[in-house]
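Working notes for the structure below.
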């Protein structure tokens, strides 16, 4: 049976949505509210006069009309919670919740979110004070010329200034002259990026994303991108500037990362996500997010959709998008041209007759109405952007020509439109018709850019014997200049292994270079050699300059730590050899040792010699195939928070770089006191120590003599590994061992301990026939002992308990709110503020929350007939945000009995006296009248009787001679700012609960 659908909105986007939905065999009728002339009585499509701002009335309309799907076009209803309210009323609605829609409705929230999740964007800062904003513009070390109203401003709240004076004027226009009203109470000032702007949209069910063909909008009013900024004068799709590889990168580094980040923050995002991007020389960077289809992008993207839009949207709502991925027409291009009223984007006339619409249709074009209306049976203008003419052809040039023919056929007085929509794409295509090396996948220009970026990094590693200058055919090293008399050259080569896989998954490329250098230079130390120079090999399928620069910067920094020069290297771009986003590394180190100082000195090693163990920094660079398998089988992933303060991920911990020992151990090795040095690398303790021993000797080690890092304890437990497997695969906390004479052991140990953690861990013993070269005693006990060293184990069990989600209810300035925000931002906090609710609009507390990137909702108590109705509205929002605790911070409403009962033991309030004394609203006045010498504040659970709940925390404040209500109030407020966060921490941690009979229960 076919369904009815309701589309919310009145523009060209909504006409296009209705047009596409009406093509579905599952749909029998499409209502558009309020709609326009194009959606009035057009086949399956008709307009509705239902109020879209009254969500209760809208929900009733949907029930009465048996609406099976509501599709929200514009951003304002999304920010107002239309999806939340309709969904709560049992109406299926396509689009994000109000909380998720903050990605568009609060630019301050969005920029903070992007920074939190490492998604590339312009440098920025938000302000509520215009003077501070202008000071930032004038002092920033980058062009801070983009000024944005943080809130919704109908797509016009962004000013791109040409100089600092213009930027400051924009700030004052927005904040003082209220150009965009309340949307400009907070402004974001950000870096002016250079590049080409594109739009990348996707469908998403919160987990899976389905990218749409990339598009490009044209914001300026006139040809050649001249004139004022508008809501958009035309668009085209697909944008050929975005290659398949680049689109894949955008999908992974922007779209998927955004959805994953929202989900991790407890804000699942469903609907359409629109990323406005700048294609900079450093890669794509996010300019903005929209939480719906763009207008006019929608009018060029939907005509390219081969699939049933109704089915796709239902799959999104059902969270089954992966089983209903949309299919797009491959060999087609779409161009849409906007026709606007004379005077737009300023004031413009209305009611002008539009003719020629049927001629455009006869040309095979789609005309999507926007600012149109019906008057006396005629179509007339009723807005700034009046309509869009869309052509779908086999290529962009033809589509633009056809769209312009349609525009020429349509007429209304004073119409304005652009004739150059898609000019950037046409220029791009005309430059890239011939087959090139770059077309084949090798970008020589990108390689040259990389060389220029890394030249100064290599130059910084210069040392005696060579100047590290890249770009030649080979590098030179002068041993005599380095101070050598009779040297032996020593070389070593190595890679990083599958630790690279973790770096690539975590997109952390800045430390893997140290692993590469360490693996090579630590090896040649086994011959007693000083590392002189290093060469690297970086191989990939597609060169990402930013990634490669990060890796090589890490290599250069590591060379400085090792004391060797980065003399050269090879960057190999080989299309088809590696999957997108993957690369491989290899390194080659050359060192030297004077002929008489070479190691190991096998003939000197004797029974009773002592083994000194030098601490590793962690797993180093071996055993990662096993590590990855253990993580896959565990309950954790690489993004799981670990550490005492939860400020590190498991991926970060596993990517701790390998220690470089050359500078710290070389003086000891040259002292003549060390008989052998072994680098504990692949093969662990069992395989590496025998490499520097005579065949007739082995070693016995005591694992209880050194500290084993807890990462090994976790791997042992989680992987159910045997002692032998641990010792044969991992370094178990020992990165290198030295063999020294027993009588010199303490002296050598002290010398090593000046720079590294080290222990006496064993001794050399004669090897019995058939015996193992290395025996490690007490390894199991050491692993178990170290695993229980601390309650706050780095890796044990559930590494960091999930923070309790808190809502703060306010009515005013939010001074206590600010204290709560500051305390919950600390890594040690057990609480996280996920929502601030005010019963009054425009109060300072809301602005404080927005600056902190915390979602806000205004629920005006005056709009409800009773306390119970108001509390029910609050309760629905709390459930939407999965709130677990409530803090009342200057909330000037008495909560109803049913609400208090539902949230019993979950609501905290603060009172400005030491309860049970001086209850009520005038506590300070009562204190002064009573003549008491001590007052204070009390944090308590809320009960039905005012100020009568169980007391959690109190702080005393002296009453001074001459105190007034004002002076006493200020002193008590300071105590409140300490007491409220302390009480919240007690409750959120579970240390304090409400027990039987409403009494406090301490755990």
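Placed from the backbone N, Cα and C atoms, the Cβ positions cover glycine too.
Residue 192 (ATP binding site) carries neither a helix nor a strand DSSP state and counts as coil. The ATP binding site annotation in Swiss-Prot covers 190, 191, 192, 193, 197, 220, 229.
Other Cβ atoms within 10 Å of the Cβ of residue 290 (Mg(2+) binding site) number 21 in total over all chains. According to DSSP, residue 290 (Mg(2+) binding site) sits within a strand segment. For 288, 290, the entry in Swiss-Prot reads Mg(2+) binding site, with the evidence type sequence analysis.
Residue 814 (N(1)-(5-phospho-beta-D-ribosyl)glycinamide binding site) falls within neither a helix nor a strand when secondary structure is assigned with DSSP, and so counts as coil. For residue 814 (N(1)-(5-phospho-beta-D-ribosyl)glycinamide binding site), the same-chain residues that are 6 or more apart in sequence and have a Cβ closer than 8 Å to its Cβ are 808, 836, 843, 844, 845, 846, 848, 849, 889, 890. According to Swiss-Prot, the feature N(1)-(5-phospho-beta-D-ribosyl)glycinamide binding site maps to 814, 815, 816, 973, 974, 975, 976.
Summarising the environment of residue 867 ((6R)-10-formyltetrahydrofolate binding site), the number of other Cβ atoms within 10 Å of its Cβ, over all protein chains shown, is 16. Mapped onto three states, the DSSP output places residue 867 ((6R)-10-formyltetrahydrofolate binding site) in helix. Among the features that Swiss-Prot reports, (6R)-10-formyltetrahydrofolate binding site is placed at 867, 892, 893, 894, 895, 909, 943, 944, 945, 946, 947.
Per Swiss-Prot, the feature compositional bias 'Basic and acidic residues' maps to 216-225. For the compositional bias 'Basic and acidic residues' (216-225), the residues of the chain that approach it from at least six positions outside its boundaries are 196-199, 231-237, 239, 241, 294, 296-297, 340, 344-345, 416, 418-422, 424-425, judged by C-beta separation under 8 angstroms.
The domain 'ATP-grasp' annotation in Swiss-Prot covers 111-318.
The region 'Disordered' annotation in Swiss-Prot covers 214-235.
The annotation region 'AIRS domain' is assigned in Swiss-Prot to 434-805.
Marked as region 'GART domain' by Swiss-Prot on the basis of a curator's inference: 806-1003.
Shown in sequence order, 911, 915, 916, 919, 920, 940 are the residues of the chain, 6+ apart in sequence, with a C-beta less than 8 angstroms from the C-beta of residue 947 ((6R)-10-formyltetrahydrofolate binding site). The site 'Raises pKa of active site His' annotation in Swiss-Prot covers 947.
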Across the record's ATP-binding residues 190, 191, 192, 193, 197, 220, 229, the largest CA-CA distance in angstrom?
20
For the region 'Disordered' (214-235), the number of residues DSSP places in helix, strand and coil:
0 helix, 12 strand, 10 coil
Could you find out if DSSP has residue 197 (ATP binding site) as helix, strand or coil?
strand
Hey, what's the Cβ neighbour count for residue 192 (ATP binding site) at 10 Å?
15
Over the span of the region 'AIRS domain' (434-805), how high is the average pLDDT in this prediction?
87
Alpha-carbon distance [residue 974 (N(1)-(5-phospho-beta-D-ribosyl)glycinamide binding site); residue 193 (ATP binding site)] in Å:
43
When the number of other CB atoms within 10 A of each residue's CB is tallied over all shown chains, which of the binding-site residues 191, 945, 976 has the maximum?
976
Out of the binding-site residues 220, 290, 816, give me the one sitting nearest to residue 945 ((6R)-10-formyltetrahydrofolate binding site) by CA distance.
816
Please name which of the binding-site residues listed here, 191, 220, 815, 976, is nearest in space to residue 893 ((6R)-10-formyltetrahydrofolate binding site), Cα against Cα.
815
